[in-house]
Amino acid sequence: MSELTLTVMRLGFLAVLWLFVIVAVQVIRSDLFGTRVTQRGSRRESARPQQAARQAPPQQRGQQSGGGGGRQRRGAPTKLVVSEGTLTGTTVALQGQTITLGRAHDSTIVLDDDYASSRHARIYPDRDGQWIVEDLGSTNGTYLDRNRLTTPTPIPLGAPIRIGKTVIELRK
Amino acid sequence: MSSTTNSPTHHTSTIGAIGAPSRRNTELMLLVFAVAIPVFAYANVGLAINDEVPTGLLGYGLGLGLLAGVGHLVVRRFAPYSDPLMLPLATLLNGLGLVVIWRLDQSERLQLSSTYVEASPRQLLNSAIGVALFVVVVIFLKDHRVLQRYTYISMVTALVLLLLPLVPGLGANIFGAKIWIRIPGLGTIQPGEFAKIVIVVFFAGYLMVKRDALALASRRFMGLYLPRGRDLGPILIVWAVSILILVFETDLGTSLLFFGMFVIMLYVATERTSWIVFGLLMSAAGAVGVASFQPHVQQRVQAWLDPMKEYQLSQQGIIGHSEQSMEALWAFGSGGTLGTGLGQGNSDLIGFAANSDFILATFGEELGLAGVMAILLLFGLIVERGIRTALAARDPFGKLLAAGLSGAFALQVFVVAGGVLGLIPLTGMTLPFVAYGGSSVIANWALIGILLRISDTARRPAPTPAANPDAEMTQVVRP
């Protein structure tokens, strides 16, 4: 076998070996950043809870990641916004999934709040696409507006749901 | 699973992609790649040595592909959310090891030696058994927490496995280290490799229960948390056992592996740096103490400090000295940065154990620094995935188990690679997956199987919490 071929194979093999390492690292990278976080800049209204029910300007709706597609009804909420507490400003897109709230690490929104239970509450859509909040037997209770929840309750758009010091609401 | 973003400034952020993807297709893609690379290497060796594509190429490629395929299908069916990288990484290392073992089989110099046996078919068989054990672990170990029940049984099993080589008639003293047992009809096996996994189960179960006592009941002294005297008991016992292994089995590697593993797991369980300080001091004291009277260990230390002198002594024909350390260093040296190319080095001059303990020297000579770095990175990636699994695991036992298994894997690579490279005294251990040795390949496939099982549990999307049945009965009745 000619010297040249062997040299090409030698360097080629090293290149392929390193390519594998790089591909593996890329896989790890996509694993680390498995959740897509879109920063929207501070021009946004800094999450003031009082303006909850106000409609978002149309160009911001265009920025929403994914959204619910065309399946959702008009007037249905598309995102959940934390408007008070340590997590202020966090939004979670509502895509028909159940959102769990609590101090447990596997909650969708991990509350760092002394008044929250580990599995505090969950928010899920019923068959009609209406979003329901349900208290999961928490110690200090979940409040919708001023009322402590005892049964799964539909969430009106923009109504504050209070868990300890954290307030979340659904927005369009 | 998703994390929430906590922004101190008032940025709003959106979190998407809630459902964790299973990533099995990524794994399949990487597996195809991981089988293609060793096949390329195999063709390269054949072209370099015999000037022709080796006849066994198709069979080898199909064999490795079959093993990888079976592994993948089982993972896809039984552990769909597990880590996508560990199986391809292990397959690639195993495949490269097979190629290099085959390449050393082709060496005419080694074929002349009296102890020559064709090692690659056996190693392929061992790999098949290893993958079979991997499959068994993934299918039948439904939940790693089951292992927690066997905490103390594991301890006894591990001790028995460790002490088996000392049983007269069963143990086999091969070249100075008594770490093998000979089973008639089956050949020799190295129970220490299996004990490694079993004892991690014990450590994890034990530390999960005791870690609060070990972490909290301590006094602060000079920035270190000093544990209470009675809490030192377990570490002293493990230390004593590892010293006993060193004295009676004269195996520095196994001894270091067990003690190091325990220290790593203590640190993971308690977050106290003081355990690492204690561990380093105790292992240094133990090693120096034993080296002062054990001739086998002494000689290894001598060979480490002055390999050239050792080489000259062995060339003069003095029994008990080995020229291999020096030859391994020469192999690395002549490989340079890019290596001589597969099949074109002279690492077979190392002779005995060239395809097991010293296999890294062949990589060093034929693939050069670039190749050795890639190989070490592959090991590093497996360890990284293991630690990552430990981070993601939701139960403390799983965390400790994953951290312990990846720690054991990392220590083993460090002990053998460090020994061959002259960083620490050489000890007879096998490079996981790569080196020739049945017990090692089989045990490490099982280790990967357990790690995959833990990572499947850890990465599986959380089930929706069950509705609380009490909720109906504890309604607040307002007047």
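Counting starts with 1 at the first residue shown.
Placement of Cβ uses the backbone N, Cα and C atoms for every residue, glycine included.
Note: TrEMBL annotation is automatic and uncurated.
The transmembrane segment annotation in TrEMBL covers B:28-45, B:57-75, B:87-104, B:124-141, B:153-181, B:193-209, B:230-248, B:254-270, B:275-294, B:358-379, B:400-427, B:433-452.
A contact between the transmembrane segment (B:254-270) and the transmembrane segment (B:57-75) is absent, since fewer than 3 of their C-beta pairs, 6 or more residues apart, lie under 8 Å. Taking residue pairs at least 6 apart in sequence, the transmembrane segment (B:358-379) and the transmembrane segment (B:275-294) share fewer than three C-beta contacts under 8 angstroms. Three or more CB pairs closer than 8 A are found between the transmembrane segment (B:57-75) and the transmembrane segment (B:124-141), so contact between the two stretches is assigned (pairs 6 or more residues apart).
For the transmembrane segment (B:358-379), the partner stretch with the most Cβ pairs below 8 Å, chosen from B:28-45, B:124-141, B:193-209, B:230-248, B:433-452, is B:433-452. Cβ atoms under 8 Å from those of the transmembrane segment (B:28-45) belong to residues 53-54, 56-57, 60-61, 64-65, 68-69, 71-72, 84-85, 87-89, 91-92, 95-96, 98-99, 102-103, 106, 341-343 of the same chain, restricted to positions at least 6 beyond its ends. Within the chain, the transmembrane segment (B:87-104) has long-range Cβ neighbours (under 8 A, six or more residues past its boundaries) at 27, 30-31, 33-35, 37-39, 41-42, 45, 49, 60, 64, 67-68, 71-72, 75, 110, 119-120, 123-124, 127, 130, 342-343, 347-348, 354-355, 359, 362-363, 366, 375, 378-379, 381-382, 385, 431-436, 441, 444-445, 448, 452.
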